[in-house]
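Visitor: Copied straight from Swiss-Prot:
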ACT_SITE  His37  active site, proton donor
BINDING   30-37, 149-152, Ile178, 186-189  ATP binding site
BINDING   Gln61  beta-alanine binding site
BINDING   Gln61, Gln155  (R)-pantoate binding site
Amino acid sequence: MITSAHIDDIRTQVRAWRAKGETVAFVPTMGNLHQGHITLVKEAASKCDHVVASIFVNPMQFGQNEDLDAYPRTLAADSEALTAAGAELLFTPTPAVMYPKGLEQQTYVEVPGISDVLCGASRPGHFRGVATIVCKLFNIVQPDVALFGNKDYQQLLVIKTMVEDLSLPIEIIGVDTIREDSGLAMSSRNGYLTAAEKAAAPALKQAIDAMAAGIKQGESFEQVTEQAKAKLVAAGFTPDYLEIRHAHTLEQAQNQDQALVILAAAYIGKARLIDNLRFDR
C-alpha cells in the first residue's frame, strides 16, 4: 500500500488509474480502526478496481470540550489492517495540509436543516466540520464510490445530501453496522469503556429494538420512548437524545409515516455512544 500525506501524490496515483480506465472507491476514516472500518474497505474492494483510504483526525468536527487530543492515533496498526483488507493508497494528511490558513479562515460546507438536529443540536458545528472535510477529500481523491457506515446514520444522510446538492458525481453507499457479539455497535470510542460499562452498553441497542417492536405492535411513540429512556437510565446511561424520525429526512416522525429510524445517543462513563435502527412498519 502506498502511503502519503501529500495531496499531489494522491492525485497523481488516482490519475494513473483513471488513465487506464479503472475505477476508484474511497473510505475516509479518522483512524483507530476496528472491524467496522475493515468491512467498509472490503466492501469497497468489491465495488471498484482500486481502494483509497484516508486517516485524518479532523479538528473542525470536534467541539471545545470533546476528545480531539485524546482520540487514539494508531497509524502503524491501521496501515497493516488497511493493507490486509485491500486498500492500495492511504492518505494521511496533517491539519496544516488540509487547513493551511487555519480553521478560522477555512471555506466551509454546511448542509442546512439536517445538520442542525440530533447530534447536530448536541454538537454545534460538528456536521459543518464533517461536510467540509469530506468535500475536500472527495475533491482530492475524486472517487467513483465512497462508503460510510450506517451506524453514523445522520452523517450518512448529511453526506448524501451534500453530494446531491453540489452535483458531485460520486455514489454514496451505506454499509450495515458491525456489532460485537453482545450487540454493541463497534466504535472507536468503545475503548473508553470500563469492563462494567462495556457489559452494560448493549442496553442501548436493546432499548432501540424494544422501541421498534412496540411501534410495530401499535404502541405510541411517546410510550415506547419513555420506556426506553427508563431502561437506559437503569442500565447506567445518561441519554442525550432518543428519537423517532422519518428515515429519509430526519424530520420528526408522524403517525402515518412508514419509513422510520430510531436514533439514540447516550453517555456511559466517559463515552458517548450512538446507535440507530432503520425500519418500516
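Cβ from N, Cα, C; glycine included.
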Visitor: DSSP three-state call for His37 (active site, proton donor): helix, strand or coil?
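Guide: DSSP assigns His37 (active site, proton donor) to helix.
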Visitor: Cα distance, Gln155 ((R)-pantoate binding site) to Gln61 (beta-alanine binding site), nearest Å?
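Guide: Their Cα atoms are separated by 12 Å.
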Visitor: C-alpha of Gly36 (ATP binding site) to C-alpha of Gln155 ((R)-pantoate binding site): distance in Å?
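Guide: Between the alpha carbons of Gly36 (ATP binding site) and Gln155 ((R)-pantoate binding site) there are 15 Å.
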Visitor: Looking only at Cβ atoms, how many others are within 10 Å of the one on His37 (active site, proton donor)?
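Guide: Taking every protein chain into account, the count is 25.
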Visitor: Do any residues at least six apart in sequence from Leu33 (ATP binding site), in the same chain, have a Cβ closer than 8 Å to its Cβ, and if so which, in order?
Guide: Thr74, Ala77, Asp78, Ala81, Leu82, Ser188
Visitor: Where Ile178 (ATP binding site) and Gln155 ((R)-pantoate binding site) are concerned, what is their Cα separation in Å, rounded?
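Guide: Each residue's Cα considered, Ile178 (ATP binding site) and Gln155 ((R)-pantoate binding site) end up 16 Å apart.
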Visitor: Let's check the environment of Ile178 (ATP binding site): how many other CB atoms sit within 10 Å of its CB?
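Guide: The Cβ of Ile178 (ATP binding site) has 18 Cβ neighbours within 10 Å.
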Visitor: Express the distance between the Cα positions of Gln155 ((R)-pantoate binding site) and His37 (active site, proton donor) as a whole number of Å.
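Guide: About 15 Å separate the Cα atoms of these two residues.
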Visitor: Is Asn150 (ATP binding site) helix, strand or coil when read with DSSP?
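Guide: For Asn150 (ATP binding site) - judged by DSSP and reduced to three states - the answer is coil.
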Visitor: Report, as a single number, how many Cβ atoms besides its own are within 10 Å of the Cβ of the residue listed as 'beta-alanine binding site'.
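Guide: Around the residue listed as 'beta-alanine binding site', other Cβ atoms within 10 Å: 21.
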Visitor: From the Cα of the residue listed as 'active site, proton donor' across to the Cα of Met30 (ATP binding site), what is the distance in angstrom?
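Guide: Computed Cα spacing between Met30 (ATP binding site) and the residue listed as 'active site, proton donor' is 10 Å.
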